[in-house]
Amino acid sequence: MGERTLHAAVPTPGYPESESIMMAPICLVENQEEQLTVNSKALEILDKISQPVVVVAIVGLYRTGKSYLMNRLAGKRNGFPLGSTVQSETKGIWMWCVPHLSKPNHTLVLLDTEGLGDVEKSNPKNDSWIFALAVLLSSSFVYNSVSTINHQALEQLHYVTELAELIRAKSCPRPDEAEDSSEFASFFPDFIWTVRDFTLELKLDGNPITEDEYLENALKLIPGKNPKIQNSNMPRECIRHFFRKRKCFVFDRPTNDKQYLNHMDEVPEENLERHFLMQSDNFCSYIFTHAKTKTLREGIIVTGKRLGTLVVTYVDAINSGAVPCLENAVTALAQLENPAAVQRAADHYSQQMAQQLRLPTDTLQELLDVHAACEREAIAVFMEHSFKDENHEFQKKLVDTIEKKKGDFVLQNEEASAKYCQAELKRLSEHLTESILRGIFSVPGGHNLYLEEKKQVEWDYKLVPRKGVKANEVLQNFLQSQVVVEESILQSDKALTAGEKAIAAERAMKEAAEKEQELLREKQKEQQQMMEAQERSFQEYMAQMEKKLEEERENLLREHERLLKHKLKVQEEMLKEEFQKKSEQLNKEINQLKEKIESTKNEQLRLLKILDMASNIMIVTLPGASKLLGVGTKYLGSRI
């Protein structure tokens, strides 16, 4: 693999400017004086990454060459300190964010952890926390060891047996449920065991085997009931139970020259063993191709920003003496992400309305049609970026925000229309106004002359395009301003008899009344259009909410089914290995999963309750609430 040159905060093709590229790793979680702290500068970097992340964490005993593999993934010869001396270099967890080579619009986050089992550490408990954090944060978890996967190697992996005490899936598990750790496999990362300086032949009973088969054979339980054997089996059991997907890579010794081994980052590749380089490339190729995007339960995609929140939440829990809990972390994440989802959706609405609207619109309906399209997109943005909005608190905020913004656009439209119409009417009536001031109509027959010129103004005004929603109201105000003038001209017209004047006055009053009625009908029509727009908003929110709930249900169902498949596979393997009792112990977990799957398949009543709650919030929040009651009842009725 050629070296990839990276520059700090320089955008590359396919890598948005907001996603800054790191020139070198930075400490993410510092382990100083037996205290874990999150580095604020590292959080600033994560905060700028809005892309989904693929998180690869590596752990292992100190001085086993972990950092070399991570530098290789970053496309650099050096970066993570290799720690070739007796003193281990990496303290805490170090992070390097680079563009993903094979997943467009994704960021690869590499996490290198301090070596486990360092004799200089006064508190070995921190090793356990580093191990647990690496599991919680990663989508691919790499365990690095030396020589072979034997009894000693598995004993050194005792940290995996402590995970049940260091991690919680749920904040308040029910007493009748299986152990909390039974759910680990639903959200734990893929497990990759890398074995360095491997000298054995990959054979079993004289037959060639793959690296993966070598790992699975090493994880088989040892028969026997004495405590020593049971302790030896614990890491094997935990790895098989907790990690659904497992992979193994073995590496030859990179070189036999000890001097080179101490300075691997400075050794030209031609001086390293060719087979070792091929094995390293295979490992990197697998990561780039198969390492998954980091997700939380129910398919919540983790971005760089979200990863930063998770780090802080987990480390805060550890420092407070509590146990990091996935459910609590997701809740904390939702409280930060959901307001941002509301803002993002509202901004999208404003931007699209501003781009698509040409004020003044010819009719109110034209504006409402654009509003409906922009609102639909904004709701989709909110649904995509929000989660765990269980009380619909943030959905209500979005409804409120968009309604206010819509009201602002309606007001701007009215103001633009009124301003334009007044200017046009003033221009068209200039000659009429001048004639009145000069007394042109104060002559016998002047009333007819006045009416003709006024009618011409009205006709010319009618021909003005795109006057907008205030066209009639502005005209009506203008005509109203002419009533006294017309009455004065009429009374002073000596060419008309008293009877003709009375008829003319009555005709003027009738025309004015008709104009008033026309204006009233127009306002009623607009009110009806606004009400219909509210109904469309209600229908759109409810439809997208229903779609999101259905997607969440399907995600949960797939999650349960994958976990059930994994449990059944473990149970089958236990039976094959003649561990009947351990196989039977899985029955409770398997039966509970089957019940959850059936319950999830038939969740219509629960979904209807959620939709009913959302419907009630929508009805109260949207203007014209009482008129929407029937719409809500009809919508829910159609879903029963």
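Each residue, glycine too, has its Cβ placed from N, Cα and C.
As annotated by Swiss-Prot, region 'GTPase domain (Globular)' applies to 1-325.
Among the features that Swiss-Prot reports, domain 'GB1/RHD3-type G' is placed at 50-292.
Residues or ranges marked as GTP binding site by Swiss-Prot on the basis of similarity to another entry: 60-67, 82-84, 112-116.
According to Swiss-Prot, the coiled coil annotation covers 499-612, on the basis of sequence analysis.
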Would you identify the secondary structure of Gly115 (GTP binding site) according to DSSP, in three states? coil
Assigned element (helix, strand, coil) containing Gly60 (GTP binding site), judged by DSSP: strand
So what pLDDT does the domain 'GB1/RHD3-type G' (50-292) average out to? 84
Including all protein chains displayed, how many Cβ atoms other than that of Thr113 (GTP binding site) lie within 10 Å of its Cβ? 28
